[in-house]
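Participant: First, the structure itself, so that you have it in front of you.
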Amino acid sequence: MQLSRVRSVLLDVFALAKVKQTLLLLFTMYTAYIVGGGLGKPYERHLVVLTLGFITIAAVTALNMYFDRDIDALMERTRDRPLPAGRLDPLKVFIATVAATIVSVILAWRIINPHFALAIVIGFLFDIVAYTYLLKRRTPLSIIAGAVAGGAPALGGWAAAAGRIDVNALLFSLIVATWVPSHIWFLATYYRDDYRRANVPMLPVVADTPIAVASGIGLGSLVMGYSIVGLWVNNVIGTVSLIVGVIAAIAIFHLAVKYAELGGDPNYSRTAFKKTNMMLGLVFLVMMLEKVVSYIIS
């Protein structure tokens, strides 16, 4: 019985951290770390960067759920999450996640560098303060803060390797940030009734036409493409990464056009949501593999 209880708590903790999403963002961070010059660094440093990255992304995600637990209780998709369902103590979650974030910032500053710590703080402020606490329940423009937060792990990965936040760090961050609208809005379209019930003004809920949503996603895909080209021009990524990245950006643009043509169809949006996740993962996977191959043969 005790083992069953432990297993149940662990599953709830994993659910609180949205492990799949956390791992995707962690992968963008680690790819930026590898491409930014981290490949030749001691393996202990890799382990520290990955550990701190996972803890901070998971902690911020869980803290987001702490603040959203009331609206999660109103939405069919989220009402069985650990906090609205009452399986975990909100105060304990709050204390644990805030403590984990603070400790991670301190360790990032002392063990890696101040710029890595700064990226963690940026992600926290834009996700928890700007997106979740101030904007999400008030305006569809909350997506801007959410996008910056989504790009923070990649920003941190580059900063951890290069020891600075420069234009290439910003370009890496932009790739993820411009993917965020497609990630959130396609999902919000599929669960439109849930968001309406919880009175969360996501653009697919409040927009008079799906063209507004499609335009935002399409514009984001164009900026994503330009960011990838910028990294190639700066000799940060290779030609294979350039080709795959531009194709992915074009594919997301096509998803946006199709979304508009189908009038914001919920079932199509769910499929598009899954495709955009795979595309982001593919782009960063190719970047990492090309860098590793180049390092081995050089």
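Yeah, the Cβs are placed from backbone N, Cα and C, and that goes for glycine too.
Sequence annotations record features per position, and here Swiss-Prot assigns transmembrane segment to 23-43, 47-67, 93-113, 115-135, 143-163, 169-189, 211-231, 236-256, 278-298 based on sequence analysis.
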Participant: Check the transmembrane segment (211-231) against each of 47-67, 115-135, 143-163, 169-189, 278-298 and return whichever range has the most CB pairs under 8 Å.
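Facilitator: So the stretch in question is 169-189.
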Participant: Given the transmembrane segment (47-67), which of the listed stretches 115-135, 169-189, 236-256 has the most Cβ pairs that are under 8 Å apart from it?
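Facilitator: Maximum Cβ contact count belongs to 115-135.
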Participant: Per the 3+ Cβ pairs under 8 Å rule, pairs at least 6 apart in sequence, do the transmembrane segment (278-298) and the transmembrane segment (169-189) touch?
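Facilitator: With 3 or more qualifying Cβ pairs, these stretches touch.
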